[in-house]
Structure formats: C-alpha cells, structure tokens
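Peer 1: Take a look at what Swiss-Prot says about it:
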SIGNAL    1-21  signal peptide
BINDING   D22, Q23, H34, D37, E38  Ca(2+) 1 binding site
BINDING   Y99, F100, H138, F177, I178, G179, G180, E181, R212, H314, Q326  substrate binding site
BINDING   N137, D172, D175, D183, G218  Ca(2+) 2 binding site
DISULFID  C161-C171  disulfide bond
ACT_SITE  D214  active site, nucleophile
DISULFID  C237-C272  disulfide bond
ACT_SITE  E240  active site, proton donor
SITE      D315  site 'Transition state stabilizer'
DOMAIN    449-551  domain 'CBM20'
Amino acid sequence: MSHILRAAVLAAVLLPFPALADQAGKSPAGVRYHGGDEIILQGFHWNVVREAPNDWYNILRQQASTIAADGFSAIWMPVPWRDFSSWTDGGKSGGGEGYFWHDFNKNGRYGSDAQLRQAAGALGGAGVKVLYDVVPNHMNRGYPDKEINLPAGQGFWRNDCADPGNYPNDCDDGDRFIGGESDLNTGHPQIYGMFRDELANLRSGYGAGGFRFDFVRGYAPERVDSWMSDSADSSFCVGELWKGPSEYPSWDWRNTASWQQIIKDWSDRAKCPVFDFALKERMQNGSVADWKHGLNGNPDPRWREVAVTFVDNHDTGYSPGQNGGQHHWALQDGLIRQAYAYILTSPGTPVVYWSHMYDWGYGDFIRQLIQVRRTAGVRADSAISFHSGYSGLVATVSGSQQTLVVALNSDLANPGQVASGSFSEAVNASNGQVRVWRSGSGDGGGNDGGEGGLVNVNFRCDNGVTQMGDSVYAVGNVSQLGNWSPASAVRLTDTSSYPTWKGSIALPDGQNVEWKCLIRNEADATLVRQWQSGGNNQVQAAAGASTSGSF
C-alpha cells in the first residue's frame, strides 16, 4: 500500500523528538489510565476487512516501527474475535468487522491467529501497547458451526427474561443492542467467567496491554471494573459510552445531566477512562470556542485525567472504500486540523484515527503536534486555562516541561496577551487558524542553545533482547532519566535495528550525565528483567550528542 511506504519515508526524515518515561499505574482516584501519558493510534477503519481482506495484521506488523517512530505509545486494535457476519440494506452491504462476532477463534477477516500474534509481537517490541477492542454485550448467536454455543432458556441471554423496554431487565443490566435478541447476560456467572478468561488469554497469549470496551451502555460499569480487576488490573482500559442525556428515560437522573456528568459517572464506577463524547458533541454542535466544555477541559484534574479525546473513529467518521464507511457523526473537513491541534495539546488521552494519520494527508501535521505534546510534557491531568475576550478558542496548557498557548480560529495577536514569559511559535497552520506557542526560546530539544536549556541527546542500547510486554529503557542520575528509578526511566522506542534500541531524550545542556540501560515490563515497573552490567555510561549533554550502552 503506497501510503505505508510514504509514511515510512516521512518518519525517517523527520527529526526525532524527546521520549518521555512510559508511566505506569492508576490515577489518584484509582482509574486505569496507565500513568496518563499515552498517545493512542486507532489501528483500523471500518472498511479494512474489505480494503485489505485477511491481510491487516500483516500490514500492522510491517508498520510497527513507523507507528512507534511517529510517537504513538499504544494502538487500539480491531476486535480479534471471528466475525463472518454479512448484511445488505438498500444496495449497501457490510459485515465481518468484529462487532457481531460468533466465537473467540482468532482466524478472522483481519488475518490469521499466527499473523495476529506476529503483529502484536512487532508492536510490543517497538514499544507500542496493544489495546484490543472487545464486545461483551452481544454476539452472533445464530451463526452455524461456532465454538461458543449458549442455549436459550438458561439465563445466558437478555431475552431469557421478560423484556419490557430498552433498559435493564432481570437478564441484562444495560440497553439492548438493536432489538436485544443477541444480547448476552454478562451478569450470569458463566458469561462473566467466559469474558474474564478471554481477557486474560488476550493478555497472556496476544500481548494485550489493555482493552477498549464497546457499547458499554449495554452492561454495568461495575462489570468492567471486575473484569479488569480479575484479568488485567494494571492495564489500560477505555469505555465507549455514546449515549446523550435525552436518550435516558425521564425518571433517570442522567436525563437532565450533562454529557460530562454522564461519562464521568461511568468512569467512576468502571475505574476506566472514557471516550470524551462531551467534547465530540461540542465539536459537532458547537463553535470552536465551545470545545472548552469537553470533559478534558473540566477545571477538576480528576475529571480531565479520565477523558479519552478523539476527532473521529470507525463509527463516527468516514473510511476509505465502500460507501465511505459509516460516518454516523463525522466532523466537517474544515475543522479537522483545529480538532487535532486541540486534543494533542490539551489534557486527556488523545486518540488519532488511522485514516487521518495514514490515508488522508494529515500525517505530517499530526506528527508535529505529537512532538509538541511530548516535548512540553502534556499529560492527561495537565492544567488548562481558557481565556475570554478573543475570538475562537484560546487556552494555556501547563506541561511538565513547557507551557503551551493554543489559539484556534482566534484573533489573539501574541501569547504575551494571556501568559507571562518568553514564547516561541511551535505550530502555525491553516492560514493562521491553528497557532501554538511554547515557553522558552526554542523547541526544548536541542535548538535553544542557552545555558540550562534542554537539548536532544541520542541514546542507544545494544543487545536488548526482550520478551513480549517488556521494553528497553534508559535510566540515570537526572530527573529527565528518572533519578535512577526504573518506574521513571525513559523507554527507547526506535527498534528499527532490533535488538538495538534507540531514542532521543531531552537533557539539560552541558550537564554531565551518568546512565544505564535496563529492561523492564511496560505495564508493571517493578518487574525489572535486566540491568546493564559494569560501570555507568557517561555523556555531557549537548545538542546532537550520542551515547550508548550494551547488555
């Protein structure tokens, strides 16, 4: 596919940007956001099974190093379970995408079981967490010759109980999927255990670093928390709660609540981040200035940190190929750059849609924004302030390394109008409709030239042979290298010459630094597999300097 070759070439010529430590752990409120430093790529679009039938896993394997080099720390994979469904309606047709699966066999329309394992291994080896899409609410119960057979009348299905309407009944604690005939009773011990065991299998056998839970309006959020606790408690998770206030019955408190309140309540109960449909609704129905009303713009950091922001996905947006995909709630083209500039410079965990990144020409722009986010140290819970008195949206975002001033569709003349200190321009696109400035006189990664500024130093660790779920990190005697703490070490993400691992890390200019290579588990920082033996590596930080170690 030509776009893959082009992406690889672009990644090779772009300058490397500072890597940040891959933080593990839950939020202060116990939410599984894996440290709050993820940038996620949605690794498919709706028509993948028609555009690249039985070959998508191979494509992901081939592009693993490019995905890592582009700055993504995780990839949202398609549903891995077998789906041979098909449908036609008014001249349109589809099926096989995974959302009407019939068993847990991995030989499906994205590729084979072996190809999936190879793709997961390549992605994990490149330092990209694999997050599987999972669909516990419903399955294709009528498909013949499936490996999961659940008879009617034993409480396995929603319609085994009286079903008075589209709300919980005695065999289902959520909404129906379409008419409800295919809805599973996830509260039944056998059904609960079936999914618990499969999530554990995906983690142990297929490199899962987390899960995206589909259609969570169909089952209790507490069930998601239990599944994660029982099978993958230290992993990342996110729920898709696409249900506005007016869709709840009049007697439900959520009928008069805000989008933010509804999705935050789900996150509180599931202990997982949640897709920021509060922001998506404002993107669709409000002005750019209204984007501040997303969950990621909430004044409370406990709200911001659970927001998983996105512009479009396989459901809401267009896809290459047949019928343009689903496009149920697609953002207008004229706002796509502004939207990515916002989610990639603001709090929350951003998700980039595959087709925006690799099919439709936004890739260079998105790479630039990822570099800005990483260099500034913007995280899920970073502070954000909005400034009135200007057109469009104007915000100040406080990263751990730099402050960003963001102006979208705005008449703001310069960052000094809303923030003190010196700033340099980082992004200016769409005829000035997208502008981002960062504090300091340079990029924080090698172009400052001033005493005490940060400069990019090239790190290399040789002979870093790892198992699935582990990566090579640099750790050392400065805060940028974790002060010798493995939990705060910096993951090296360039594995194009595996088992050599490389990365560019921002260090204080002129600082004498001592450091070592180590191998540790990505999800559990306490699982250190190997330290580099011998004396410490040494380097004096200077722009473009190189340093290496070896196992």
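Using the three backbone atoms N, Cα and C, a Cβ is placed for every residue, glycine included.
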Peer 1: Taking each of H34, N137, D175, R212, D214 in turn, which of these recorded positions have a Cα lying within 10 angstroms of the Cα of the residue listed as 'active site, proton donor'?
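Peer 2: Those near the residue listed as 'active site, proton donor' - Cα within 10 Å - are R212, D214, in sequence order.
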Peer 1: Which chain neighbours of the Ca(2+) 2 site, leaving out N137, D172, D175, D183, G218, have a Cβ atom within 8 Å of the mean position of the site's Cβ atoms?
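Peer 2: These residues sit around the Ca(2+) 2 site: H138, R158, G174, R176, F177, G180, L184, T186, F215, R217, Y219.
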Peer 1: Could you check which of these recorded positions, D37, D172, C237, C272, D315, sit within 10 Å of Q326 (substrate binding site), going Cα to Cα?
Peer 2: D315
Peer 1: Would you mind pulling the DSSP three-state label for H34 (Ca(2+) 1 binding site)?
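Peer 2: The three-state answer is helix.
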Peer 1: Hey, which of the recorded positions I178, C237, C272 is the loneliest by Cβ count within 10 Å?
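Peer 2: Each of the recorded positions I178, C237, C272 was scored by Cβ atoms within 10 Å; lowest is I178.
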Peer 1: Between D315 (site 'Transition state stabilizer') and D175 (Ca(2+) 2 binding site), what C-alpha distance do you get in Å?
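Peer 2: Approximately 18 Å lies between the Cα of D315 (site 'Transition state stabilizer') and that of D175 (Ca(2+) 2 binding site).
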Peer 1: May I ask which of the recorded positions D175, D214, C237, C272 is closest to Y99 (substrate binding site) if we compare their C-alpha atoms?
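Peer 2: Its closest listed neighbour, by Cα, is D214.
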Peer 1: Of the residues in the domain 'CBM20' (449-551), how many are helix, strand and coil by DSSP?
Peer 2: 9 helix, 54 strand, 40 coil
Peer 1: Around R212 (substrate binding site), which of the listed recorded positions (D175, D183, C237) come within 10 Å, judging by Cα atoms?
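Peer 2: Passing the 10 Å Cα cut: C237.
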